[in-house]
Structure formats: C-alpha cells, structure tokens
C-alpha cells in the first residue's frame, strides 16, 4: 500500500517529513516529492504550493509518477462550524468548489461543468480517520463538508454568502476540491484532513499567521494516526 500525502505549505508537511524514515527526494517541475516510510506505510509526501492550479499540478504528477493507492490532503482551513475551535479538525464527508458558478447551464452552485457537484472521499479512509479520533486527546474532530476556492476568506459579507450557498460547510480552504477532482479523474481514492487555523472572519489574517504551525501539526498528527489505522487489505 502506497499513500500520497499533499500539503500546500511547509508547516503543513514539515512534521510528516520529519517523522519519515528511508526518505529519498525527487524534484519534478519545481515540486519536491519525498518518498519513504511513515507510520509503517509507504508514502510520498509533497508540498504543492497554494491554490487550486498548484494543487492540481502536484496531484497529477504524484499520481502519474508514483501511482499511489490513495491520496490524503492535509493542512489548515478556515472554520465555519460553531462547534469547532482553532486547532480542531474536519474530516471531509464531501468536498466542493465554492467559487465555481456555471448555474446558467443547469449545474449546481459550486459544480464545475461535466464534473460531479461534490467529490466523495473513500469510505475506508474516512473510517480510518474516525478510528484515529480517539487518540487525538483534547483535539476535537468531526466529519463535514469542506469547500475550496482560490481566495483566503476573511470578509464577513463573503462568509455570509458562502453559508447561504453551502449551509452545512464546516471548513474552507484553497486546494482540497482541486485534489479531489484530479483523484476523481484518475480513479484514485482520497480524503481531505484539515485543522482550523482561523474562523474565516476579520481576525483571520492574524489568526492564520499565529496558528498555522499548530494547525499543521494537528493535521499531520491526524494523518499519522490515520495511517496507523489503515489496513493494507482495505484498499478499494
């Protein structure tokens, strides 16, 4: 079993890379891919860069060059669920674009033309993540809708509009739906694991800078615990 792990920023992958053994690296198109062992599993970890295009490039290269059995997207997010605090975790129940609008042609808001409205993670990956929750200690984790767009959300007016479109949204970020769409295209199972760095409000820029390391660590911890729960025979 080989698992691809993608984070956008250095704090989102640093703890994973530090915990790897037998690591070797290869750089393709300016993106470093580090292969090795983590939590007893063969993994390839990469820092994609920020945003949907960067994430799509990294995911495509990862799948084409390393043929992972599954892909995990890890990192930080802005929180929308009232039950969560900074540092808590959202496991994707589904992933959607929040900045796509081709409703003029009969698609749902957030649905890219000729694509599903929502990208659904592999049940066995979500199950492993849920099993890992018990080991998180005081960090809370829930399943929920994660939405993606090429904007850092800190405007209350925009937040209100997003919640009108996606009332069950638990978190938003800038890569997950792009990674999910590429995985969907290639038929590769995925899950998105995000820890909250801010609450998508006026304080978000300050909160993000203050808490990105904490969020990156919590998300990385969740990924490592998830890997420990994975049964190599469960790939489907």
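The backbone N, Cα and C atoms fix where each Cβ goes, glycine too.
What Swiss-Prot records for the substrate site is 78, 174, 175, and among 57, 153, 193 the residue it adds there is 153. The CA atom of residue 174 (substrate binding site) is located 13 Å away from the CA atom of residue 12 (active site, proton acceptor). The residues near the substrate site, meaning same-chain residues not in 78, 153, 174, 175 whose C-beta sits within 8 angstroms of the mean position of the site's C-beta atoms, are 77, 148, 149, 151, 152, 172, 173, in sequence order. Cβ neighbour count for residue 174 (substrate binding site): 23 (other Cβ atoms within 10 Å of its Cβ, all protein chains included).
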